[in-house]
2 protein chains.
Amino acid sequence: MLTGDLRTRSARSTSMMRSQPTTVSEKELDPKTKARMALESVGFDLQESQQYIEYARGLSGKLGRFKGGFRWLYLCAAGFGAGAVAVAICSVLKLVNEAKVGAQEQLFQAGYGLGVRYLAWVGSSLVLAAVAGFLVCYVEPLAAGSGIPEIKCILNGIDLPNVLRMRTLVAKALGIVCSVAAGLPCGREGPMIHSGAIVAAQFTGASAGPLPTPYRITPEARDMVAAGAAAGVAAAFGAPIGGVLFAVEEGASHMNPTILVRTFVCSAVAALMVRFFAGPRGEATAWGTLGADVPVEFGRFAVQSYTIFELPVFALLGIFSGFAGALFNFLNLKLSLWRMRWVGPRGHWRFLEVLIVTAVIISFNFFAPLIKGGSTAMGDFDVSQTLFVASGDEAIKQLFHGQERIDPWMLLFFALIHYLQTVWTYGLGVPSGLFVPSLLGGAAFGRLVGQAAQGVTLLGARPGVYALVGAAAMLSGMARITISLVVILMETTGDAEFGVPIFIVVMAAKWVGDVFNEGIYDLHIHLRHVPLLEHRPEKHLLALRAGDCMAAPVVCAPQISRVQDLMDMVASCRHHAFPVVQSSSGHFVGMVERNTLMHVLLLGGKCGAFSDCAEANGKGKVAVSYSNMIRHGFPQCPPLASVREAVAAVPEDQEIDLAPYANKGSFTVEEDAAANRCYVLFRTLGLRHVPVLGPDHTVRGIITRKDLLAAAEHGEHGEHGASAGAPSPASEARKDSPGECGADGSQGAGLPEPLGGRVAEV
Amino acid sequence: MLTGDLRTRSARSTSMMRSQPTTVSEKELDPKTKARMALESVGFDLQESQQYIEYARGLSGKLGRFKGGFRWLYLCAAGFGAGAVAVAICSVLKLVNEAKVGAQEQLFQAGYGLGVRYLAWVGSSLVLAAVAGFLVCYVEPLAAGSGIPEIKCILNGIDLPNVLRMRTLVAKALGIVCSVAAGLPCGREGPMIHSGAIVAAQFTGASAGPLPTPYRITPEARDMVAAGAAAGVAAAFGAPIGGVLFAVEEGASHMNPTILVRTFVCSAVAALMVRFFAGPRGEATAWGTLGADVPVEFGRFAVQSYTIFELPVFALLGIFSGFAGALFNFLNLKLSLWRMRWVGPRGHWRFLEVLIVTAVIISFNFFAPLIKGGSTAMGDFDVSQTLFVASGDEAIKQLFHGQERIDPWMLLFFALIHYLQTVWTYGLGVPSGLFVPSLLGGAAFGRLVGQAAQGVTLLGARPGVYALVGAAAMLSGMARITISLVVILMETTGDAEFGVPIFIVVMAAKWVGDVFNEGIYDLHIHLRHVPLLEHRPEKHLLALRAGDCMAAPVVCAPQISRVQDLMDMVASCRHHAFPVVQSSSGHFVGMVERNTLMHVLLLGGKCGAFSDCAEANGKGKVAVSYSNMIRHGFPQCPPLASVREAVAAVPEDQEIDLAPYANKGSFTVEEDAAANRCYVLFRTLGLRHVPVLGPDHTVRGIITRKDLLAAAEHGEHGEHGASAGAPSPASEARKDSPGECGADGSQGAGLPEPLGGRVAEV
């Protein structure tokens, strides 16, 4: 082979790869684009390089069976863990609550006045809130809120950093005990869901023993997290099926019967765990008893019938709750925007806000029952008074099952106050779920309606049933959850009879709410500019072509490349994946991911992947095996410095054939394909990037989820796909800056999304 | 423009299109391939031609909102219809059963002997069975069996003809009343599911009024059928959530939250309908009462607790049921093969078999209780004797809720006999579901275990609970249903407490059963060689390339084609879709479907789609609009004769530009992509055909689901993907014969799947 020939080719290939990054300074970008660029997505697609196929075939014989067995083991362990966290939270919470109420009792009996009792009550609440606030404001900001938006993002394919860390779990679990015990309108359920997901995620990272990889690949990891979240729901409500449906409805854009069953195993274990401890903890039943003797969270209904004439009343209640939920979301959104602007996600101001809000709410709730008159001792309160000072699930039980008529004015007063307090609290710097507060608010409204309807002909009106239905409606109006909510309430009241009425109100509330705004979780996701792919593809995406929303030009790697050129390419940009193109024709060959490329560069020298004429020597041979990469930490990127070092030791002008490492089956779209089709591909199959091919089979651009969303939003604001020729907002906004490969060790290599560089040829 | 130029091009394009079909006579094909070729699949993919996009944009403004409204209306109507069918079946069944038992009573009181009573009993059963058998053997063979396999196939994307016709509904609904009333071990639930799907399907065809199309497009139609099937389950068991989950688990390979909610609306209406009538029919409650006062199918459990120590016992019961279910499937498979060979799907032999089986089973069951001795009057039977003559759900209620101890030997005797009778009956020429018979068999075994375990320390052993658990296990062992079964049993006993134990047995039974064979529905699907795409992609599909399983060469249409050439192409083959390629370079442009092409040829003359130089005149313009096609019956194919006539009227050498009618975004795969990836695409996105592109962007072949399955099976039988170079079984077996376009008016044009033709160029 002539050296001249080689030189020519490598000169060309160099020019092919080397990009002239046109850096756009960070200031020029709008905050949304900036926020989005800071986030990475995760690819759930099948890896299909020759390298991986060889590995998988080797594996299927020996370890295939074990792999399946270990998966069930992990699932059970994750369920067990999620259950254990829930049991721990509930048990501690029970103790703290008993202590708080007991202290009041003792102070009253010791003859102390209202002032002292008030100070003791608010003081203990402030201490608890301070602990919760400290954990959020100074330890882990991600422990704030319910955690459901974060889990939703992760299941959607966005790699939010730190959400699944142990530290977050500790802060969240400890924090939620404190914020609930402080008396704030917070639910422990959302944080339990988040906790379950974190527990499950630990197993995907920890499988480094006998079965090094199976659970590290992203689709497996995602399924584990989904199962963990379901287990969290199951543990929170003792509702295994509700948990699975919650994971389906809120989380997984991608679901099939196999994953469904796996998720169910995990959540059944969690539910079993919780139910096992719930009986004895309530001191009602002997150890080992399960079934109906175990107290369920919201209590069982003794009478479980209703008439068909009540269904329209329920529907009206649903419509009302839809309005109320939409208003809630609107108010909370405004408040959250104010908070983002003036308070920030952590630090002193946020901590101070926690203390102030706690002091105001707890003080108000301490004195509010007293406007009714009567004894000032908590022990002597009637139901309408207890609502203000009892814990959320106790209050819900009262509203569901209380037989006597509750003073309607006090009930209305409570319902309104509680609604406003919940608006104020959600988004505060403490862990706080939304399930129980919104159920409680809804139950209060529902009970009001039920008491008003009592005695009306044809209506069997039992106020408790109305409270149940109202609770479901309010939660659906805020969070727009439907089927899973129905099932959760069925399981958590231990009865399947109210399925249809609950479903009717839930749908009514959702439809009405959807007219005004999105669900609260989605609103909070959008506040952070997370590029979430919702279910419904935008209609105008049908009229937009893939070519309109792709980022171009793309940094491509020629199939036969000089090692040094590849090193330069990797170092000069932060793209996550590179199309491999035929050196001569520019035809698309496949996609190679950054982490694979880095490992190949790191290990290629030792494994003999490089040669001075790759076309002749060992073309198409897998020199760096997948298992070898795994031993070196794949799928994490090796540090750029060590790759550089390894490449420096390679003699100059060595070449490598990238074909065996490229995902040759990678999904591609035509330039003329509708953006809608890309959307479906991304969402259904969990892709991270799709190369766009021209009619001559060359790479014209690349699409990521951010491009798609930007195009969708651009289209929404009046400019339609007709402007096909003009540069798309995506390709304009997304010039990337060169940078080091962040070796932060997080999943997916910790790098921003790949994007348009500049390519001289191709 | 020069005419010579045009001539050259049209000469080339003619050679491009005209295929030399190498006919393989039908005899040479093995029966499986033949059976598969007779079946068509349905494409659920997005249509994305310029033509459709223009139509959709026009629609979204005016009719978009109405479309959504009508969908909900249709869903409710479908649910209502499914409920009405179920109510009708149940009510008639109740009357017939009462008459049969009443006659026995009267004969006994009138002093008639055992012989006369026997003749009356068997005679009435034979008459009923004859009606059921007649409906299957002479009216509609598809009314046989449970219908669940058929629905599963349809939701998977296979267009089984006649399954969703009104005639099938009538035969099925009438037949199931007769076969159940005859006393055969048949359940009415499967047929109710099938009926629900048929009712829903009527709406997809009937929407020709103000909103002509939306529900005719295949994805909408499929979702309606899924919703209808769910409504059928909901109506059969009064289990709306179970219905939805059943649709997810058994049916829809493709599911998202929106469809989930739609399905739920449909099944909630059905459940409500059934529950509304169930109370008054049982004469227990006033009209309009709902909830727990309405009797549920299998009765409510008074005591609903169990201990953790019983879980291992349940698991053992599950393992046993897994074995029993697998054996059941094995025996029934052998019997079905025998039936396929000697009895056939319809006609006299099948009818005769019905009569013989009925006579034997009913006679046996009439005398079996008498071996215990005691009175020979049915009214005096104890529980163990009643089991033989009671209807399935009555017997299940006895086993679930009977307080006294049932004679274990009689119970064992019944369990075994019933098991064998069910094996014998399933697949007989009568409508017959499998749910209730297998639940009953399982309940009998479970009750045996429960009675044996009663009194053992640590076990709370209530025999009824064991019967419930055993019932779930047996059904899961046969049908391998999991989550939906758990929920159905929860809802149908009105209680959510037994979720975890049922889940444990169900999973145990499924896992054990899966070691030996597939579920009974899948076995019956495979018996018919239906190309069903199961959930789990075969592992060795990872090693197989798309190029190995595609059919090649393909009949392609050049983008600029002579009208006459297109006519010849359409007439000479029965392919369902044609890749459109650039006339000069052969690069892939998009896919055009046969029905679109036929309509364009039919209407093009009137609409001015043809010109003598398409490249110059009106290139890229949509001349035949989508709404125009719809007015002419799209998506059905127009008759070939009328297309021929229309084309004959077109002056010679007129041309058309196919680009505006081609689906430009059509998913494609690279030749080197893994077959596994195609499998995922087909299954998840519901595709019908995927063109395979070479590295130069020309069409190398086309893949259909049949190709994929053939490749998978080929691989299974020892030959692995290593033989990449050799011609694949698919491409060998699938030369197609030329034929007329069948204008049978059925969905999807009634044509066999597109197959490899032969192309001179490209």
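Each position is counted from 1, following the chain as shown.
Every residue, even glycine, has its Cβ placed from backbone N, Cα and C.
Residues or ranges marked as region 'Disordered' by TrEMBL: B:1-29, B:713-762. Annotation comment: TrEMBL describes B:72-96, B:116-139, B:225-247, B:259-278, B:308-331, B:351-371, B:434-453, B:465-490 as transmembrane segment. As annotated by TrEMBL, domain 'CBS' applies to B:550-607, B:662-719. Residues or ranges marked as compositional bias 'Low complexity' in TrEMBL: B:721-731.
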Averaging the pLDDT values of the domain 'CBS' (B:662-719) gives 80
Which residues of the chain, 6 or more past the ends of the transmembrane segment (B:465-490), have a CB below 8 A from one of its CBs? 233, 237, 239, 241-243, 245-246, 248-250, 298, 301, 306, 313-314, 317-318, 320-326, 328-329, 396, 399-400, 434-435, 438-447, 449-451, 453, 496, 498-499, 501-503, 505-510, 512-514, 518-522
Same-chain residues near the transmembrane segment (B:351-371), Cβ under 8 Å, at least 6 residues beyond its ends: 118, 121-122, 125-126, 129-130, 132-134, 136-138, 182-185, 339, 343, 381, 384-386, 388-389, 413-414, 417, 421, 424-425, 428-430
Do any residues, 6 or more residues outside the transmembrane segment (B:308-331), come within under 8 Å Cβ-to-Cβ of it, and if so which ones? 419, 422-423, 438, 442, 445-446, 449, 453, 458-461, 466, 469-470, 473-474, 476-480, 500-501, 504-513, 515-520, 523
Are there residues at least 6 beyond the ends of the transmembrane segment (B:116-139) whose Cβ is under 8 Å from a Cβ of it, and what are they? 96, 100, 103-104, 107-108, 167, 171-172, 174-176, 178-179, 181-184, 346-348, 350-351, 354-355, 358-359, 362-363, 366-367, 429-431
If we skip the immediate neighbours and take only residues 6+ beyond the ends of the transmembrane segment (B:225-247), which ones have a Cβ under 8 Å from one of its Cβ atoms? 75, 78-79, 82-83, 85-87, 151, 154-155, 164, 188-189, 192-201, 204, 259-260, 262-271, 273-275, 278, 294, 296-297, 435, 481, 483-485, 487-492
DSSP says what for the domain 'CBS' (B:662-719): how many helix, strand, coil residues? 23 helix, 16 strand, 19 coil
Across the domain 'CBS' (B:550-607), what are the DSSP residue counts per state (helix, strand, coil)? 24 helix, 18 strand, 16 coil
